[in-house]
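Engineer: Let me give you the structure first, and then I'll get to my questions.
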Amino acid sequence: MVHSKVVIIGSGAGAHTAAIYLSRAELQPVLYEGMLANGTAAGGQLTTTTDVENFPGFPSGIGGAELMDNMRAQSERFGTEIITETISKLDLSSRPFKMWTEWNDDEGSEPVRTADAVIIATGANARRLNLPGEETYWQNGISACAVCDGAVPIFRNKPLYVIGGGDSAAEEAMFLAKYGSSVTVLVRKDKLRASNIMADRLLAHPKCKVRFNTVATEVIGENKPNGLMTHLRVKDVLSNAEEVVEANGLFYAVGHDPASGLVKGQVELDDEGYIITKPGTSFTNVEGVFACGDVQDKRYRQAITSAGSGCVAALEAEKFIAETETHQEAKPVL
């Protein structure tokens, strides 16, 4: 069992920004990036994005996987120890905090590591619908983030579709209307769940329309490597009538699932499972436990906001360690 001053759990923009700051502060952070943790490859949601055009410093854009590879390399350059294992169990009841990986979490097994501070940066996963053709055209027409992807060339002046009936769906549809030739929102039920003001704005928007009692049943597109989505099969749930419509973009606005199960019952969560942090900080309700990135951000969920919150978490963890612990080399716990 090894002791570290600070452990970061996660592998996205928030986790690596925290690692960069902490390693530059010579705190020798350890980052557990996971091995398909929560079903996502190391690097988080950005690894599923082909082109990132809104992250500062890349005027021509950059691939999501390449951006995360660069962040990982920068973390390692300054001395972060990156471990490709998944933390499966945490004990946050007292310091030093204890943790186990998926390889040694049997009942009664010794923790693999202890830490004075822990940063939770486990992210959130966009819900998918598992439609036929979804896997083929994911990021080749299908996206779960209009703000991230809506401005890319394949969507400009093309018919776009949004699935969802809440405020997020309305907001994303109106955002996409800046780029697409038209935006159609598919709502399974006969009314919107969105707030009255958002529903009114959506229904009044000249480039947006809503199809109630309608679901998507299949994504159709080019039959070639990296082929693009071109059509969508939709069904009226009342009559069961189906039709194929022209659609060059499909955006899911059906929610996200925060990867907070690791700390459930130990750290305060909201009713959707997001970690609650003190406003303007990364502090959780457990002293010495910090959270950053999408696991605590249900509103923005952007790479740049995740990176910013990772910086905040690192600075606050550094201050916490300086105030409560003496600076010393990580060493085995006897």
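Every residue gets a Cβ built from N, Cα and C, even glycine.
Relevant sequence annotations retrieved from Swiss-Prot are reproduced here:
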type: BINDING; residues: S11, G12, A13, G14, T40, A41, Q45, N54, C148, D294, R301, Q302, A303; note: FAD binding site
type: DISULFID; residues: C145-C148; note: disulfide bond
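Mind running through what each feature is packed against?
Structural biologist: In this structure, S11 (FAD binding site) belongs to neither helix nor strand by DSSP; it is coil.
Following the DSSP three-state reduction, the secondary structure of C148 (FAD binding site) is helix. All protein chains shown were included, and the count of other CB atoms within 10 Å of the CB of C148 (FAD binding site) stands at 21.
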Engineer: Within 10 Å of the Cβ of A13 (FAD binding site), how many other Cβ atoms can you find? Include all protein chains, please.
Structural biologist: 30
Engineer: To the nearest Å, how far is the Cα of S11 (FAD binding site) from the Cα of C145 (disulfide bond)?
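Structural biologist: Roughly 19 Å, rounded to the nearest whole number.
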Engineer: Among the binding-site residues listed here, S11, Q45, whose Cβ has the fewest other Cβ atoms inside 10 Å?
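Structural biologist: So among S11, Q45, the binding-site residues given, the one with the fewest Cβ atoms within 10 Å is Q45.
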Engineer: Could you find out if DSSP has Q45 (FAD binding site) as helix, strand or coil?
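Structural biologist: DSSP call for Q45 (FAD binding site): helix.
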Engineer: Among C145, A303, all listed as recorded positions, which has the most CB atoms within 10 Å of its CB?
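Structural biologist: Selected residue: A303.
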